[in-house]
Every structure is written in C-alpha cells, then in structure tokens.
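Trainee: Got a structure for you, questions after.
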Amino acid sequence: MYLSRFKQSGFRNLAPLNLEFDPHVNVFLGENAQGKTNLLEAIYFLAISRSHRTSNDREMIAFGQDFASLAGRVHKRQLDLDLRIVISKKGKSAWVNRVEQARLSKYVGHLNAILFSPEDMELVKGAPSLRRRFMDLEFGQINPEYLYFASQYRQLLQQRNNYLKQLARRQASDQVLLGVLTEQVATAASELIWRRYRYLADLNRYAAEAYRAISGQREELRVLYRPSAKEITAADQPAQIKQKLLDRFAEIADDELRRATTQLGPHRDDLEFQLDGKNAHLFASQGQQRTIALSLKLSEIQLIKQLTGEEPILLLDDVMSELDQNRQAALLNFIHGQTQTFITTTDLDSISQEIVKQPRIFYIHSGQIIEKEEGLNGRRR
Ligand SMILES: Nc1ncnc2c1ncn2[C@@H]1O[C@H](COP(=O)(O)OP(=O)(O)OP(=O)(O)O)[C@@H](O)[C@H]1O
C-alpha cells in the first residue's frame, strides 16, 4: 500500500498543505525544529489515530487553533481509500471514504505504518512503558480486537484503581463491587495478554531473521513476554490466563488495598530481549541495541505483510545518521524498493545513495514544505 496524497491543516507548526508523494522514497530535508518530525507524526496519526510521542492529542493542535485535520489517499492492491481524521479539543473523529466511523478501532488498520525514530533506540534498555507502548501501537493496528480490548482494559483498570482508592480511604466498603471490577479487569487483561503472546510468536521469527541479516552475525535474537503474573505462560488460553490472574489477585488482595492500585496485569507486563539466551537489557552494546530496535521494526513490516497481504508504509525519523552503511544496506534489502518510505534528515549526505536512488525531496522550513526539483544525485526528475 502507499499514500499518494496528503492534506493537513492545523497540525502543530505545519502550514496547511496538500502534497503528492512518491510511491517509493520521499525525503524531508530541513534544519532542526522546522517541522520534519511533526510531518511524520501527522502521517503516522492519519494511519494509527495516535501519536508515537504523546498520548495527549491536544498537544498536536497548532497553537491558537481549535482543531487539526489530516486527510490522505491510500492505494492498495485491490482498492483505493480516502482517510480523514480530525483532532479537536473534545476528541477525535475519523472517516473512511467520507463515512464517519463509529469507533476508532474500525478506522485503524486501513493504512498501516511503521515508524522508526531515535527514541526507539531506548526500546531495549529504556523504561518498560516504552515496550508496552510498542506492543500496543504495533499489535493494535493489525488487530481491531486488540485495540478494543486495550481500550476496554484501560477504562476498567482506571475504575478499579479509583475504587481501590475509595476503599483505602474508607469512602467505600463494598467488596462485592471490587470483585465485579476484578473479574472484568481480568477478562479484558486475559484477551490482551493472549494476543500479545500470539503476535510476539510471529514477530520473533521475523525479528531473528532481520537481526542476523543486519548484524551479519550468528547471534540469535529472541523476544520474550514477561507477565507480571509469573504463572502465565505462552501456552495458556484466555480462560486460563484469566483464572491465573484471579488467583493472584486473591493472594495479593491486602497488598492492593494498602497500595490502592492494581498490581498485576498487562499495564505491568514487560518484554525481554535476549541475544543467544542472554538478557540484552543487562549487557547489549549501543550497536547491538540499535540493531535489535531496527530488527523489531523490520519484523513488523513482515508481520503486517503476513497478516494483511499489504506492505505498510515506513517512516524513518532522523535515523539514517544513526545507521552505518551496512545497516542502511540491510534496511534497503529488507524493503526491496517495495515499501513506501518517508525519511527525514538534516543532511542528505547521511543517506546512502543506494537507498534513495531517485527520491522525491521536500524542503521543510518553519513548517512550510516545498518540493525540490532535483534528485539526490543531481539528476532532474
Ligand atoms: N501544537 C503546536 N503548534 C505550533 N507549533 C508547534 C506545536 N507543537 C510543536 N510545535 C513546534 O514545532 C517545532 C518542532 O518541530 P519538529 O519536532 O517537527 O522539528 P524537526 O524538524 O523534526 O527538528 P529536529 O531535527 O530537531 O528533530 C518547534 O518549533 C515547536 O515549537
């Protein structure tokens, strides 16, 4: 799939725009703080209905504006689609072919996008919340049920936490209501955890392949799910996961009341990356961490292809200068010139000529975007 046209108004510092993209490679060139990341974020938001860098949608509305509007035309093998999403101070609304979607989970998935940014280098050693966010963003866009259970889980978890606080402050005493909330939280949690295991199993295969290709080494990358309820295993079905969670909730009831917050579940689970069976969190070098992060992103492209039959679009935010020639070449091999790619950079020389033989180049300055007429190698398009 690819994005042929993109329109926006009111998004961060970007001037209203109506751009036509190349089906292969598009490069956005500009100095720091001109709007390159904002443009990639806008394209990502059009696809996923969430930002990769903030969970506060309001932040993305341009200063002094009431709403931001993003629209694009997507070409797939069998059909073309018009997508539109509007972010206002009250929330967001989304349209597919001018039909408003009742739920965002019905909208997400029409345009798949993988974004790779310098912050992804933190995936291995950074906070667990980054790895949970990674799963939620990637698995949510390939499975509407995942999105549905994730949002249900978030709401139920908040209700349960609020109720635990009321119990702790003795503003409530109904243990039966706590039991009902616990049961509901465990149901949504089990569906979410079960799907995380499922997609990680597929992701693992592709990630190991990508790691070998990029590093040129024989080290074996494995990604493991680390549930906060340690009894849960990859072989469990949702019903078993739910029962194990309920058993653990019963065991830690006093502790939860004391702390007035839910101690177990997908919001506390984590991922562990292993190289040849050793925990990468503890020993991986900068280079190995970078290769793990890139392998994960590339494996998502494969996973999306496997599940949807279509190539997602790839957004590379200022990462080319972080990748040496070999890693850039491995990246090139993986995308085979088939994946529509958007690259931001402050310096065209940081991009291997091979990757971008004849890209479409856009200059970004103070949120204004203009297309450059010549390709990287000076030839006119
Ligand atoms: N809601 C908003 N309204 C208007 N401007 C905003 C908003 N949010 C961020 N900005 C502005 O956008 C600019 C940053 O743009 P962006 O993050 O895209 O930079 P960049 O070109 O990617 O730079 P770098 O190379 O440093 O990452 C800043 O000047 C910031 O003040």
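Glycine is treated like the rest: Cβ placed from N, Cα and C.
Pulled the feature table from Swiss-Prot, pasting it below:
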BINDING   GLY30, GLU31, ASN32, ALA33, GLN34, GLY35, LYS36, THR37  ATP binding site
Trainee: When DSSP states are folded down to helix, strand and coil, where does THR37 (ATP binding site) land?
Mentor: helix
Trainee: Among all the protein chains here, how many other CB atoms are within 10 A of the CB of ASN32 (ATP binding site)?
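Mentor: A 10 Å sphere around the Cβ of ASN32 (ATP binding site) contains 8 other Cβ atoms.
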Trainee: Under 6 Å from ligand 1 by Cβ, which binding-site residues from GLU31, ALA33, GLN34, GLY35, THR37?
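Mentor: Cβ < 6 Å from ligand 1, in sequence order: ALA33, GLN34, GLY35, THR37.
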Trainee: Out of GLY30, GLY35, give me whichever of these binding-site residues has the highest number of other Cβ atoms within 10 Å.
Mentor: GLY35
Trainee: List, in sequence order, the residues of the same chain other than GLY30, GLU31, ASN32, ALA33, GLN34, GLY35, LYS36, THR37 whose Cβ lies within 8 Å of the centroid of the Cβ atoms of the recorded ATP site.
Mentor: ASN38, THR344, THR346, ILE364
